[in-house]
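**Student:** Below you'll find the structure I mean.
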Amino acid sequence: MSNTPDDILQKKILVLDGAMGTMIQRYKLEEDDFRSTRFASHSHPLKGNNDILVLTQPDIIEAIHREFLEAGADIIETNTFNANPISQADYGTEKLARELNFEAARIARRAADDITAGDPSKPRFVAGSIGPTNKTLSLSPDVNNPGYRAVTFQDMVDNYLVQLEGLTEGGVDLLLVETVFDTLNCKAAIYAIEEHRKKTGRKLPVMISGTVVDASGRTLSGQTTEAFWISIAHTPGLLSVGLNCALGSKQMRPFVEALSNIAESFVSVYPNAGLPNEFGEYDDSPEYMASQIAGFAESGFVNIVGGCCGTTPDHIRAIAAKVSTIAPRKKPEPSRELRLSGLEPLRVNRTTGFINIGERTNVTGSRKFARLVKEEKYDEALSVARDQVENGAQVIDVNVDEGMLDSAKVMHDFLNLIAAEPEIARVPLMIDSSKWPVIESGLRCSQGKCIVNSISLKEGEEVFRDHARKIMQYGAAAVVMAFDEKGQADSLERRIEICRRAYDILTREIGFPPEDIIFDPNVLTVATGIEAHDNYAVDFIESVRWIKQNLPFAKVSGGISNVSFSFRGNDPVREAMHAAFLYHAVTAGLDMGIVNAGQLAVYEEIDPGLLERVEDVLLNRRD
């Protein structure tokens, strides 16, 4: 019989340990205790650097692990919450990060194995604790410079790689990315975990635990619980997602319930022992906290439970006793719907209707936006994005491909500024570029699940696969253009040929989620005076219908305004064409489109005479 965490979680609720920091405080350690002999002459004060104790007071750390194990914990965390180079730099010990993680993992491993040997029927597991660091990728530390970041995405990835090397070499069973206050930091950790797997071949189960900071149910970087789940659901080897810290068990209940309703992984929760009192201490008794968590379990919300700040072995003992006879939450079937997120979630399904993607934050589609970006008038450029959202855009398309710009830098800077504007950042982003470095620059500063626009077979299958794998690693959806080595598809047959081939490569060869594939079968201009162009709109509509019938779960999008380009300067005709084209395309199954959200006419309100003429052109009904 298998005894992996995944197998056991099918049958019972597992118990995580409690607060390492709370237990360390009980020892009343002073500066000399943190230094010991090894760091007697170290340049920085070390008191408060709990992670260093795996080197200077290993017996204390092991004793704490054993107390939690003897209290009934199935999973213990390594003492490595801040054992990363970025956090350790405050103490001048950043070069010790790998050693700290290795030794912490060995200590926890030894304790867990000893306790398991005494009762092999109850295996104990070691989770490598990976904290959020003391820096944030989504927020500026300077209120006067909202686009500034103290670290880069690559800095954060490199930081986590050091930690992962030590933890895995030390023998952890699981990786726990915890107390996530900024989802972009978490995405950097997820990215690093996949990089580490590719380098070493080792794939460990991953637990992720976010922190909602108050009764709003949002993270510090502004995401709702559902948006957080959507943003990290791509994690390879994801075992569980959950919540910890900041709140007590009573305050956490509605957010655990919300997460349980949507998460397709197991769900964990380890709250604080209440909210801190005026002395900074935690007042929830073991019995009270255990009864609250038992309530979560009886409601079917959880699979893994434990404690965070203020929780002791007594809390864990009480929790373990309460949940021992309660059945675990059952994981739901995967939904297979496209889910996106900014600060808030966006589901794309039959009930949400057509999704408007705002087109005006695109230098090729808006002369005003192009001018503002070139002149670095970013406050005014942000107002263009804000107007799109206020006018109904559910996604914002951002394209800064312009020959005179450093497009990768502009994309990075502009998206960082959007992150500081909640009324814009609440919607998902579409990162739009023909240049892969620009796309990757955007992906590295987007905490939500965004859309990449676009990839194609234009440069061949090898480049296509490489870009698709990267998009998966960043946790984004992808627009796939109907374009291959021979050129752009301009007939129904070519659209079908390319989309079928791309779908098979993505789903069968690299495991790209089919619900995250968004085909763009090319909206081309009609009424050009060239007979070969007359059926372009009809072919697009029929290709939409074919994709929806033959490529399961895939979505379809398009740049709607392209269809009317022959009538530029004649806004009434263009707006009528867009509305009529959308009406027929949406009827065929079009899920979303890039539009000017403020200038969409209503199909039923178009003048009948104009509508007839417009549809004659679009549907190629008359010569």
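Every residue gets a Cβ built from N, Cα and C, even glycine.
Automatic, uncurated: that is what TrEMBL annotation is.
Under the heading domain 'Hcy-binding', TrEMBL lists 2-323. As annotated by TrEMBL, Zn(2+) binding site applies to C245, C308, C309. Annotation comment: TrEMBL describes 354-615 as domain 'Pterin-binding'.
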**Student:** Starting from the Cβ centroid of C245, C308, C309, the recorded Zn(2+) site, name every other residue in that chain with its Cβ within 8 Å, sequence order please.
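**Tutor:** So the additional residues around the site are A19, T179, N244, A246, Y270, P271, N272, G307, G310, T311.
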**Student:** Using DSSP and three states only, what is C309 (Zn(2+) binding site)?
**Tutor:** coil
**Student:** Counting across all protein chains shown, how many other Cβ atoms sit within 10 Å of the Cβ of C245 (Zn(2+) binding site)?
**Tutor:** 21
**Student:** Please determine which of the binding-site residues listed here (C308, C309) has the lowest count of neighbouring CB atoms within 10 Å.
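**Tutor:** Per-residue Cβ counts within 10 Å for the binding-site residues C308, C309 bottom out at C309.
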**Student:** On the 0 to 100 scale, where does the mean pLDDT of the domain 'Hcy-binding' (2-323) fall?
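**Tutor:** Reported value for the domain 'Hcy-binding' (2-323) is a mean pLDDT of 97.
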